Amino acid sequence: FLMKKEKDGTKRTPKNGGVFPFRYATCCEVFLMVIGLLCSAIHGIALPLMCVVFGDMTDNFVQSGQQYFTNLTSILNKKVIFNLIYIFSYRNAYYFVGIGCAVLLLGTFQVMLFLLTATKQTKRIREKYFHAILHQQMAWFDTHQIGVLNVRMTDDINTINEGLGDKICVFVQFFCTFLTGLIIGFVFGWKLTLVILAISPLLAGSAAVWSKILATLTSKELSAYAKAGAVAEEILVAIRTVVAFNGQKKAVEKYENNLEDAKNYGIKKAITTNVSMGLTQFVIFGAYALAFWYGTKLSVDEPENYTIGKTITVFFSVMIGAFSLGQGAPNLEAIAKARGAAYEVYKTIDQVPRPIDSSSKEGHKPDHVRGDIEFKDIHFNYPSRKEVKILQGVNLTVPRGKTIALVGASGCGKSTTIQLLQRFYDPDLGQITLDGHDIRTLNVKWLRENIGIVSQEPVLFGTTIAENIRYGKADATDEDIERAVKEANAYDFIAKLPDKLNTMVGERGAQLSGGQKQRIAIARALVKNPKILLLDEATSALDTQSESIVQAALDKARAGRTTIMIAHRLSTIRTADVIAGFSNGQVVEQGTHRELMAKKGVYYSLVMQQVLEDNSLPDYNDLVLYDMAYTEDSHALEGENGDLGGNSIHRVSLRRKSTKKKPKKSKKEKKEDESNLPDVPLSRILAMNKPEWPYLLFGVLASLVGGGVYPCVAILFAKIIGVFAEIDPEVKRQKTLMFSLLFLLIGGVAFVTYFIKGFMFGKSGELLTMRLRKQVFNAILRQEIGWFDDHENAVGVLTTRLASDASLVKGATGARLGLLTNCICTLTIAIVVAFVFCWQLTLLILACVPFLIGANFIQMRAMAGHASKDQGALEQSGKISTETVENFKTVVALTREDVFFYKFMDSLERPYKNGLVKAPIYGLTFALSQAIPYMVNAAIFRFGAWLIAHCYTQYENVFLVFSVIIFAAMNIGESSSFAPDFGKAKTAAARIIKLLEKDPEIDIYSEEGKKPSDFAGNIEFRGIHFAYPTRQNVKVLQGLNVSVGPGQTLALVGESGCGKSTSVQLLERFYNPAEGQVLVDGQDAKTLNLAWLRSQLGLVSQEPILFDCTITENIQYGDNSRVVSQAEIEEAAKKANIHDFIMGLPEKYNTSVGDKGTQMSGGQKQRIAIARALVRQPKILLLDEATSALDTESEKIVQQALDDARLGRTCIVIAHRLSTIHNADKIAVIQNGQVAEQGTHTELMAKEGAYFALVNAQVNH
């Protein structure tokens, strides 16, 4: 009833601090829930009804007993009484059976209906939340951390699910028991009831305050853990960067610091819960004390109105009523939690209006696109950093079918212009028109569908190549895909793959090289045959051979299309119809290549810089115009990096990073995975909690004392009934007063034990959770890189596990131990007392105990069976949501929000069906555990009556045995509500133990291995064979032999995917070779200490990853073995030519670089990464396309800085741009995983072999 009122009032106006969770129920579900509530309401009447039967029975027993004792002489009377009792007990026994059957039916329905509707609603909420995230505008993502969104997606919605489920109907059931108890109380004895009621405002008030405090604490705890979750995700995504810089310790510390807050809120929450429960108990026992004292007074003053039976009926009804309010309170906790969690989730779902909404049907959709684009006086700064001006009055016209190229230094606003055209953001001033229409008046989805985009750092999704291309055009036929693949020059390399177009590309395309990914991205853009083509450094990641052909393909693709190109490599844009030079957020000059060269402005100076830079290459002046410093995402300083994916990972990092989704496993395999988990006994789980043993000990002692509370209440209760038999009113009053004070004392004991339990178990549970999270995180970081390549250890899966597994385990330790102790103690005392007072009846009751335990056991089994299923099924949807949200920009640019939304919906189908199957089973087991006690009562009273009739015992003893057992059963009944936690806790503990016990092949924490004191820097790869663990059938290196002496520079060149980056990864010992050795100063790298080896290597990669902290901290990350001083940081920054830029920022070195470095442009990120590598002063420098992302101006100076940095150091350079390596001491050309030829630039040119062909390909271009 309370719920229904709330439903009307709350549905429309969500309050702060929590909202009404049932907002997304359909009419049919509301109807089912109302039926469920009705069932639970009627179920709630059962217990008070039993009290009426009970009181009636007691009256009859007592009366017959008195007659029996007064008429001992008459045998005839004895027989009459015997028959009366017998007939009466039959009738009562049938009443009990009747109530029991009703409970069985109602209990099944109430739980089943609520679980069914909760499953449906949770699925709907997940879908709506994911849908809402998918249709947020880009600016929203600039201010919301991706990790936090993923935690909300999993943990918070699980919390809402708990609150929507059977917790509410169980609460209503208890609430109705409370109401019915009161009504019966008023009918049978209003004075007594009023006295008891005087205390109820106290109860209600404390419950309300507690619920409020709890909702606040829950919401704070969730937010606190969300921060730690975001840290974990950031670190796992960048795992290669972390291990390359020996940053594991720092990573664990950062994670641990963020866990501290969550732990403190958790402890506060545990204490609050238990204090409130203790207070409730204290108040209830106080009410008993008052009631007994006053009841006795009334029976003396008004014997005609207050018989023993009536008094007992009133006592019992009000007592059970109040008791059930105490029992119902914990269920409110789940509802309060759900409201707290729902607030954030629903706030996101409700976030309207969204100015740029791709799901909106509004906006004009012209019949055809001509392709005239105009930018009129565009001013813009990114919403997340208002103070930095990006565009300051851009005016630009792009006539249909023409190609316009945007050039300029890093961060001048080139990529931003492209993002505005795609309506990722709207300009602050000015307008952009397409065919004369302001693009704000056009339909967003239609606009994006007509634009093809190829960006600098392409994002592929964890599915097949064909599917990735089909994301460009949903209805593309196989012929369309083949055509696009050929146009993008990807046909040959795909044809060589075992599964051709059906090859899985791995998480983020990790199984492919940069060039291969780029060509697939180009095919994806070309497949939809767009009228407008945006090329943001589209060919930058390609090797020379592919580059020239792809460039030709792009030139072909440009024909008849309006094309906007961004390039640093000016040779690629000479043929553009118009070249626009950007400077300080404005277009400062426009014209053809010739006109601008004549003008001698921005463009001229950029070209001249390249010419000067490349002039040193003899006889190849033409090369200049081809070989321009590659690529940068000029999206400057801001928002997302200009690539579509938002989350670049360096290529070494990316190359074969974990795949979030590989072909789905068959059910059999999945089952094997689950059964691989070790079976974990309770003792093993408790051992995890060993360091907190003092807390556990005191908690268990408190539980032991608490276990005695209910049997004591029962004994007092029976004694008070004994008092009623007293004839002298004065003795009656005195005894009652004494017993009432004892009740109050027991109430005090209950409060103290609850408080101690709450504090002790809360503290030990949260300490355990925090320690386990830390240990699990530590164990994850300890695994070799190959482990992360496995799709089962994708970032999404690992973050979900960190969030939920550790907190599930605490449900199986302290609180569970306390519960067991409490139950055992209660049961032992109850049985001993019962045997003393009436052994025959106790034997019968003990015979019934297996039924009671059986009911609870069935309920536990039903829950445990589903625990592991739920977890695995939801991990799949967690992967999809993580992958989609992380690559949000690409999804939006391809207008494929719906595709990913439907994929997400499909992944929810299995857990949803499981939920529907589980509901009736759980409903039936719940009802059984509720109904069996009534059947047991029927048996007890049927037998009790017989015993009294046959003079084996007195009615008081039957009464005492009954109340002791009833109280014990109620107390133990509470434990069954913890069943769900235990099943899940065991599975979670098994997963954690399995991970903690796993010894990695390459152990970063190992102290073993040599640490040579003098290290020259001599590197040799000898007979290396290697294939990635997840793709054993693809041989990457097939007998690589190459060496480099101390202080020399070795350059590796060759096609994309030939194994250049792989050799660097083997030197870093991310993997071990299958055959052969990597020798460092003549010693096998495997025999050296891993941390020492990595500390000698400085890695700068093609797509660098920065962490979400300040520039200072990012550069300091280069050397985690000590504290790097500010002077060293600035020195490294100067060497990397980023110092001046940093000093120009408002917060200088304290500027945050944003999530994954998104607040910086590609070139700026790259220079920070170079500073990071230089700060550790490595003996060996590994440059994997290190200058590729820089614009001409920075590139030249950074190249100079790198040349300086190389002096006296061994250096391995990977490059597609041959101009950067012509002065290397040794150049090795790698083909098919082997060295085809090696020598200096001059030697190899003279040979006219593979290297000569590569250089020529550039020259001809």
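Please read every residue number as a count from 1 along the shown chain.
Placement of Cβ uses the backbone N, Cα and C atoms for every residue, glycine included.
The domain 'ABC transmembrane type-1' annotation in TrEMBL covers 34-337 (among others).
The feature domain 'ABC transporter' is assigned by TrEMBL to 373-609 (among others).
Annotated domain 'ABC transmembrane type-1' per TrEMBL: 697-984 (among others), in sequence order.
Residues or ranges marked as domain 'ABC transporter' in TrEMBL: 1019-1257 (among others).
Per TrEMBL, the feature region 'Disordered' maps to 639-676.
If you look up TrEMBL, you'll see 30-55 (among others) marked as transmembrane segment. Residues 1, 3-4, 7, 22, 92, 95-96, 99, 102-103, 106-107, 109-114, 116-117, 168-170, 172-181, 183-184, 188, 309-310, 312-314, 316-317, 320-321, 324, 930, 934, 937 of the same chain lie 6 or more positions beyond the ends of the transmembrane segment (30-55) yet place their CB under 8 Å from a CB of it.
Residues or ranges marked as transmembrane segment by TrEMBL: 93-116 (among others).
According to TrEMBL, the transmembrane segment annotation covers 168-188 (among others). Listed as Cβ neighbours of the transmembrane segment (168-188) (distance under 8 Å, sequence separation of 6 or more from its ends, same chain) are residues 1-3, 36-37, 39-49, 51-52, 55, 110-111, 113-114, 196-197, 310, 313-314, 317-322, 324-325, 327-328, 331-332, 335.
For 194-215 (among others), the entry in TrEMBL reads transmembrane segment.
Marked as transmembrane segment by TrEMBL: 275-294 (among others). Same-chain residues lying 6+ beyond the ends of the transmembrane segment (275-294) with a Cβ under 8 Å from its Cβ atoms: 191-192, 195-196, 199, 202-203, 206-207, 210, 314-315, 318-319, 322-323, 325-326, 329-330, 709, 713, 720, 736-737, 739-741, 743-744, 746-748, 750-755, 758.
Residues of the same chain lying 6 or more positions beyond the ends of the transmembrane segment (693-717) and with a Cβ under 8 Å from any Cβ of it are 281, 285, 288, 686, 739, 742-743, 746, 749-750, 752-754, 756-757, 760-761, 763-764, 767, 813-814, 817-819, 821-826, 829-830, 833, 960, 963-964, 966-968, 970-971. Summarising the annotation, TrEMBL assigns transmembrane segment to 693-717 (among others).
The transmembrane segment annotation in TrEMBL covers 737-756 (among others). Long-range Cβ contacts of the transmembrane segment (737-756) within its own chain (Cβ-Cβ under 8 Å, at least 6 residues beyond either end) map to 271, 274-275, 277-279, 281-286, 288-290, 292-293, 698-699, 701-703, 705-706, 709, 712-713, 716, 719-720, 723.
Counting residues 6+ beyond its ends, the transmembrane segment (817-837) has Cβ neighbours under 8 Å at 686, 696, 699-700, 702-704, 706-708, 710-711, 714-715, 757, 761, 845-846, 953, 957, 960-961, 964-965, 967-968, 971-972, 974-975, 978 in the same chain. Taken from TrEMBL, the feature transmembrane segment applies to 817-837 (among others).
The annotation transmembrane segment is assigned in TrEMBL to 843-860 (among others).
Annotated transmembrane segment per TrEMBL: 921-949 (among others), in sequence order.
Sequence annotations record features per position, and here TrEMBL assigns transmembrane segment to 955-973 (among others).
When pLDDT is averaged over the domain 'ABC transporter' (373-609), the result is 79.
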